[in-house]
Amino acid sequence: MSGIEEIKNILTAPISITYQNIEELKNHIDEERVRFINVVGKNGSNSPDLNIFSNEIMEEIRIRFTGKKSPLQEWLKSLRNIPNEERKSAGAKINELKSEIENSFKSFSENYRIQVENKKLNSETDDITLPLTQLNLGSRHPVMTVMRDLMVPFQRMGFSVVDGPEMDNDFFNFEALNVLKDHPAREMQDTFFLASEWVLRTHTSNVQSHAMKERKLPLKIVCPGCVYRNEFDMTHLPAFRQIECLVVDKGIHMGHLRHTINELLNAAFARPVKLRFRSSYFPFTEPSAEVDVECQQCFGKGCRSCKHTGWSEIGGCGVVNKKVLESCGIDSSVYSGIAFGFGVDRIAKDRFAISDLRSLIDGNVSFLKSFGLV
Amino acid sequence: MLASLNFVERFITLPKVTQNININSKNISTTQYDLEKIAPLLTRQGFEVDSIQVWGAGLETVVVGYIEKIEPHPTAGKLQICQVNVGEATLRQIVCGAPNARADIYVAVALPSTKLPNGLEIKPSKIRDAESNGMLCARDELGLPTNKEIDGDGIWELDIDSQGGVPRKILENKIGYPIFYALNMTDTLLELSVTPNRPDMLCHEGVARELMAGFTYAKITFIKKKDAEFAAQVTLTEENIKADAIKNSRAKCGEISFTCENHLNIPAFFVLIDSIEVKPSPAWLRNQLEALGQNSINNIVDTSNYVLLAYGQPNHAFDLEKLSSQNPKEKQLILRNAKAGEKFIGLDSKERSLYEADEIVADIEGAQAILGVLGGEHSKVSSQSKKIVVEFANPNAVSVRRTSRRHGRQTDASFLFEKGVDVQKRYKAALEFFALISAESKNKPHYCSTIHSVNAQKKPMIVTQFNANEIEFNSHDQEKVLGANIIPYKDQLEIIESLGFTLKNESESKTKATVPSWRSQDIAGNADLVEEFIRIAGIDLVPSASFQSQAIVSHDDPQFAFNEKISSRCSALGYNEVISLHFMRADDHAKLSLNSINSLGEPVALINPIIGDEPLMHTTLIPDLLRKVSRNISYGIKSGQLFHSCRTFQNRDANGERIFNSNGESIGLHNELTYKLDNTLEYHYTHGYAYTKEESQTGRPVETPRLAGICFGNKSEKTWQNSAETLWSLHDIMAHVQEISRSVGVEISFARISDIENNSEFQFHPIAKALHPGRRVSFYIKDENNKSVSLGWAGELHPNTMRNFEIEVPCYVFELNIAILMHKTMLPKEVTQRVTNAQKFPTITRDFAFLLDEKITGKDLNDVVLNSIKDIIKSEVPAVLNSIKIFDIYRGKGMPENKKSVAFQISLEPTERTFTEKDILKLTKSIINNVTEKFNAELRGV
């Protein structure tokens, strides 16, 4: 391969461009061909050494061999100087070289481009161990994520999302739900009072009383929302979230309740889970039950998270007490209902293994950012 | 309810398993309760077993020993060296300092490796050069309650009955055996959760009853014990007591006559017993009480507690002779309300000052007991007592609950009264009281009589005849409630009967069930009976059944879905969602430099706040967010973004009427909260959201959904790719708000705000003072009448606000009223602005730079540029203007005073043909001419 000097010499060497006859021209053409092959190789097959070839040199080569002032062009212009009968074959000779040079140069340029590109690519290897770009992504609060996920199965089962007030009066929060006047739940120890007859709702069940009184039957509703109890420690926030569902229709019974809860919890845990129904008591349902799901940490073996019982408590449910239907103006001999309610914070606590519920209200950005979409 | 299985076994036999344990190289076969057969039943039936403890667990290596020989320690005066037989080949040498250590007694020996409840681990050691291989224990060293009068202060002597011991005859064969086992003290204690409808489960008889029903259904054999009650051992009967109680209002106990005056109108009767012998309780009673964590006092007090634990019947024995009276032969108790400030010394020796609402039992001197809660020190039964009067009053549950809370003292008695006692069984309990002390005394006590109290109308108040509730129970009830035929009718009846109901069959499918006295509060109809049998059989048997219901998909309230959209957009904008407790502090308005506490609407005060300094329901989400920022900074997190979507509350209904007139009275904010409301824009009570479908929202406090966000510290941090931090700016947060609004299809406009009312130039906003005067803005939307409505605001915190909330990095905040935004999205949409055609021709951009006066705003420039090409792109050069983007503003070096260089780029999308050079020239010329002319500007470059 020619060195840079050699190439420069070829490119700058004076060339005789005049000819008197075809023989002379043929000599010129052969010499020019040799010079060109010297630069780009036969058919332009040389592999260009990037120490010698640069974009500038490539351009110089193009100009020197195919430019307006290149010998080829000059020779074409000079065709009129030779005898008529020779002109045709002389022109053919020139054009032959011209297309040869053009084709070879094209291949050579392609080789050059590949070389340049490879050199560039080879010099651009990143250190994949460097810290990644800090993306400014926000996050949803884990409790809200759980809440949203738990709402999906309800909605798919045909429950309508219904809202209710967080400040409500005795009637909707207690009375209509068969929580009578002297019930301990109505004492200051458990409930936040705003006035003697007004409280911060202690459960989302107040939405049930509103819906039963204010909406048309049949009802198939799910009520997500914030509720309040006068308790504050590692396992209790005074403001926390519940989801509650209510169905009131003709012929509704406990079997429907089981179906709803099975479906919901299988969907929530994304696999069939083992459930346990324990008899319990709530003023607003009869029969009442607490629902336990097999502890998802130990799968029933017993661990710290389930206090060695193998079960973790999910929520309460039951067949709506006739007294509740009646105090909301529903004929209990025609209609019956089922209800199921549970705390969202507690499920979030289990799902994300949060030991102290108070960290949920702390607002620590790193803590918040550590939660994904599931 | 802490249930002792030994105690339950007084009523029924329980299933057991035999286990072999190896202690002190002795193979001991012990019989234990078969918990696998007991605990799951209780849990299923509705009484979750929270915990199971074995009394004496961990003390298996404390064994029965017999001191064979004893000699003084050669060098330590108070110590003795004992040779103790613990059933090994050789005697064990143990050094002991107890004064009662002597030869020929049976003692509790803690062998080496024992860990005592006080944490002491027993190891072989040398005490003043004498080897000691164990420890002779006192009761308290084993964690057992100690009564100095009975137990002395030495080591435990195992053959003394009053110390819980057993006769020497038995101990002889138990040397080396674990003492809890040898003394029959091993007990299993279940902590049961009892629901409020089942106070009958707060005693051991109730637990036994419930287990009987469970065992019957589960086919676990058991025997109901006939000798469970002591009543069989006396001639007195329940009927005698009832007859006396209803007949007598006065009776004599020896030479003393007794009456009771009742000002509380509650049922009460009193049993008078003479010639009692007060002494330590027998071992079985002492051990039983101690296993349940109670202290044994004497036979009378322990009997009183036994009756409570066995039958759930609280009662209190007074020493009749200690009651004060004018005539020592005429004693009287008075049931009345306390006088305010009246003093009372309880059995716990504490002096209390009573309240007028407290109900008490008094003599003429004063309170002798707080009714249903606590007995008094003065008239308690002591070793000298001979005559007692046992009170069985049925105080009001609510009154007892409140009294017990007022005095911060919950006792077993008050707990039972709160939940409700079985009033019919009070007489049987009185009989058991007498029968038990009689059974355990050599010199039999004398039952004098029973009397009732009299009220002002001389009425007895008590009843001795009770009507039982009857329920008709049908075979189809099960299917109606449970949706399936789960167990046969015959089996249902069997379960119900096993729970103590009396059944009268009327036909194949119809039965009358009589509710037992202990369930009279709780069982009302046939759904209850279905609950009863399914609870015993297990709700898990109810088969799942799917709904056959109409598919209704249009009844959703929109807020949940709307909030999800907004929140997901916020998190896409980099904000991290937070939640809060929805409370606010009384000085938050001052920290935000608001004119008054009512500036953002009148907050609702809690009567009983749980966090002392957060007594208000929030009207704004900002203070909580600022505190969270401050906390982040204290954690060392100096940058971040937070958002909170939450309801806020105010003490006004949608018409502006105040709801709670004594708002804040209990926390001393009453006057402040009655300040007039400011003109509160988007915080106004008319801008709430109706969360109910009641016909009118009148009289309902306004709840307003709001969204607040905060950006603090740096927008981007230094990294290897980016050598400098950038700070947040007002325009960042404005863009965020714009994007949030756009995400729900709402366009907003911006306006500067002022902290001065009646400012002619800018709208006043109450929050403005909390914000940087040059960096604050409010957001507007057009309502259905094309009127501008304030949606919210944003701005950088004023340094004062930063100081008040202890924040030391720049902070940009916004808050929006979501009700207004939601309302707007529900209006019919204008869709004309949407570009719906696919692009056909290449977008053209051109850059310009002008030297402008400082006072020219971005909007000014934007308007002029827009106007300069508006007509041209309409027809001549058909195009859509994509944007006019200011990309550089330069002041300072090289610029004249009060001038700035502003560079911007316009982006145009041709709609009919590709632009020619001529087209472009036409547009640029028009822009240059207009800008230079209108602003007297100088073109710096194109």
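Here the Cβ of each residue, glycine as well, is placed from N, Cα and C on the backbone.
Per TrEMBL, the features are:
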| type | residues | note |
| --- | --- | --- |
| BINDING | B:Asp522, B:Asp528, B:Glu531, B:Glu532 | Mg(2+) binding site |
| DOMAIN | B:56-169 | domain 'TRNA-binding' |
| DOMAIN | B:466-544 | domain 'B5' |
| DOMAIN | B:839-940 | domain 'FDX-ACB' |
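Here the features listed in TrEMBL are painted onto the structure.
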residue	record	Cβ within 10 Å
B:Asp522	Mg(2+) binding site	18
B:Asp528	Mg(2+) binding site	19
B:Glu531	Mg(2+) binding site	27
B:Glu532	Mg(2+) binding site	25
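Here the domain 'FDX-ACB' (B:839-940) is broken down by DSSP into helix, strand and coil counts: 38 helix, 37 strand, 27 coil. For the recorded site, B:Glu532 (Mg(2+) binding site), the DSSP three-state label reads helix. For the domain 'B5' (B:466-544), the DSSP-based tally of helix, strand and coil residues reads 34 helix, 16 strand, 29 coil. Per-class residue totals from DSSP over the domain 'TRNA-binding' (B:56-169), listed helix then strand then coil: 13 helix, 38 strand, 63 coil.
For the domain 'FDX-ACB' (B:839-940), the model's pLDDT averages out at 90.
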